[in-house]
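Taken straight from TrEMBL:
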type	residues	note
DOMAIN	20-148	domain 'TFIID subunit TAF5 NTD2'
REGION	195-247	region 'Disordered'
COMPBIAS	195-206	compositional bias 'Acidic residues'
COMPBIAS	218-229	compositional bias 'Basic and acidic residues'
REPEAT	277-318	repeat 'WD'
REPEAT	350-385	repeat 'WD'
REPEAT	392-423	repeat 'WD'
REPEAT	434-475	repeat 'WD'
REPEAT	476-509	repeat 'WD'
REPEAT	518-550	repeat 'WD'
Amino acid sequence: VVVEDQPDVSAVLSAYNQQGDPTLYEEYYSGLKHFIECSLDCHRAELSQLFYPLFVHMYLELVYNQHESEAKSFFERFHGDQECYYQDDLRVLSSLTKKEHMKGNETMLDFRTSKFVLRISRDSYQLLKRHLQEKQNNQIWNIVQEHLYIDIFDGMPRSKQQIDAMVGSLAGEAKREANKAKVFFGLLKEPEFDVPLDDEDEEGENEEGKPKKKKPKKDSVGSKSKKQDPNAPPQNRIPLPELKDSDKLDKVMNMKEAARRVRLGPECLPSICFYTFLNAYQGLTAVDITDDSSMIVGGFADSTVRVWSVTPKKLRSVKTAADLSLIDKESDDVLERIMDEKTASELKILYGHSGPVYGTSFSPDRNYLLSCSEDGTVRLWSLQTFTCLVGYKGHNYPVWDTQFSPYGYYFVSGGHDRVARLWATDHYQPLRIFAGHLADVTCTRFHPNSNYIATGSADRTIRLWDVLNGNCVRIFTGHKGPIHSLAFSPNGRFLATGATDGRVLLWDIGHGLMVGELKGHTDTVYALRFSRDGEILASGSMDNTVRLWDAVKAFEDLETDDFTTATGHINLPENSQDLLLGTYMTKSTPVVHLHFTRRNLLLAAGAYSSQ
């Protein structure tokens with residue numbers, strides 16, 4: 001069955017026709033359960049992965065063939081044995097008690113159409129196969145062959161800890177093949193131009209320019225003799241917009257700022273400045289801060305988008321066309337003259353959406369702002385006129401997140417329709433559609449080199465997509481709840497992800513491996529950010545805390561030998577407390593956004609909740 005299209009429901013479900021004797025299902029299952037629990041420790045952990053997918057498929061088979069009472073007793077007898085992280089799925093399952101229910105249930109169809117992936121060592125697999133064939137237990141063997149994909153590896157079986165770290169998604173683990181493709185995770189070479197050398201650029205202080213989130217070295221001249229990063233994609237692999245003069249000016253600004261950047265580390269933690277939205281009875285649902293930290297935007301449940309200036313500089317609109325025609329275009333301060341002082345204010349409210357605004361993103365050059373909403377659209381606003389320029393309609397359902405590429409021009413959106421879309425500001429149709437997640441795409445992020453996009457989903461997996469051809473090049477499993485935050489490390493090599501399970505997981509993109517697990521938060525992690533040079537990872541959560549983690553230590557001396565990559569035997573350090581550098585409580589403000597300024601001051605934002 002082709003998963004890409006809406007699968008033909010009857011064809012999918014008819015696979016359940018070849019059924020055994022319904023009264024024996026409980027016996028089959030408990031027989032297998034007994035066999036697995038009595039097997040050697042080294043195999044038991046691996047074979048226990050079978051419990052959940054077999055339980056679901058046997059239950060569905062009973063329901064499909066209208067043995068409702070047997071299905072009910074099967075569910076009641078065995079659902080308590082399943083791992084705690086499948087609770088939500090089991091809740092959905094328990095409501096499917098009749099054949100008719102199965103027709104319209106999407107989660108169900110996915111479970112039916114995509115094979116559940118288990119990673120098992122050859123020894124354990126042989127053991128299982130022998131047992132099922134001796135027992136003549138064809139019913140279970142049929143399900144294993146029909147609905148499960150067993151990814152067999154040679155070598156030692158994995159331990160319970162190793163398996164627990166990686167499982168928990170809707171469709172099991174990722175096949176090892178899925179993470180084999182080459183990924184160009186290096187950074188693109190910076191364009192070269194000279195920085196005027198001056199002692200202290202005074203007026204540079206209040207009017208921070210804004211470049212594309214890049215890390216300049218501490219040299220006073222911008223021409224970097226950096227060789228091309230061997231892991232970087234070719235410069236022209238995807239077309240990127242040309243640098244405008246204003247962008248170059250911005251880059252110069254950024255280099256000056258970077259020269260004054262604080263080097264962070266375990267001994268030198270950043271100061272944290274918290275922006276609390278007080279009386280946000282409109283319901284704060286999204287926040288973004290410009291790269292130069294001059295503006296902050298909030299998306300609200302009352303469908304408004306509000307932009308504030310965080311510096312003394314007020315927000316102003318461009319003058320009307322009639323007034324603009326009177327301006328001498330040759331004058332030096334033409335950019336200043338076109339602004340209308342009468343419109344200056346600290347806050348601008350943008351009206352246009354007809355549902356809560358779930359995602360906002362400033363363009364790198366601060367000229368545009370994106371917002372996405374429950375109304376199914378993504379809107380592009382001008383920050384020169386504070387009006388809506390375009391409404392992009394592609395998603396038919398709520399759009400949960402959107403983000404500009406670090407080079408501008410491109411942006412990505414993801415929503416309830418389970419796909420992410422890549423857009424360019426001047427096309428009203430998406431350029432790429434990334435399909436493959438089995439549930440809502442809840443968050444989207446561009447890789448720093450703009451050649452890849454990461455998406456997190458309610459199916460509890462993270463996928464990395466290639467912008468060039470739309471292929472999925474990485475699938476990361478291990479979270480036990482929907483993913484709500486993603487952050488790439490500044491060097492492009494690592495990805496940090498946060499979810500409703502309160503864990504922050506760290507991934508090595510090149511090898512396609514999980515390399516760390518940060519435990520500490522007690523609720524959904526909504527915000528993740530690396531400091532400008534990648535020394536510290538900050539995480540913000542619904543548990544009203546900001547936590548700082550030692551990223552250098554987390555990523556140093558990783559075991560990424562061929563064996564680990566081949567089998568997925570990851571050895572996570574038992575104690576992530578060694579990596580925790582600090583925990584900062586707010587009184588009653590869940591943290592929804594984090595941002596490091598160019599000098600490594602950490603800005604956090606959230607709405608005070610008075611319960």
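Indices start at 1 and increase along the chain as displayed.
Every residue, even glycine, has its Cβ placed from backbone N, Cα and C.
Same-chain residues lying 6+ beyond the ends of the repeat 'WD' (350-385) with a Cβ under 8 Å from its Cβ atoms: 210-213, 244, 246-247, 250, 283, 285-292, 294-295, 297-307, 315, 317-318, 391-404, 406-408, 411, 413, 415, 423, 425. Packing against the repeat 'WD' (434-475) from elsewhere in the chain are residues 4, 107, 110, 114, 168-171, 174, 178-179, 181, 183-188, 213-214, 232-233, 237-238, 240, 400-407, 410, 412-416, 418-422, 481-488, 490, 492, 495, 497, 499, 507, 509, 512: each is 6 or more residues past its ends and has a CB under 8 Å from a CB in it.
Here the repeat 'WD' (476-509) is broken down by DSSP into helix, strand and coil counts: 0 helix, 19 strand, 15 coil.
Note on the repeat 'WD' (350-385): DSSP counts are 0 helix, 19 strand, 17 coil. Taking H, G and I as helix, E and B as strand and the rest as coil, DSSP gives the repeat 'WD' (434-475) the counts 0 helix, 24 strand, 18 coil. Predicted-model confidence for the repeat 'WD' (518-550) is 94, expressed as mean pLDDT.
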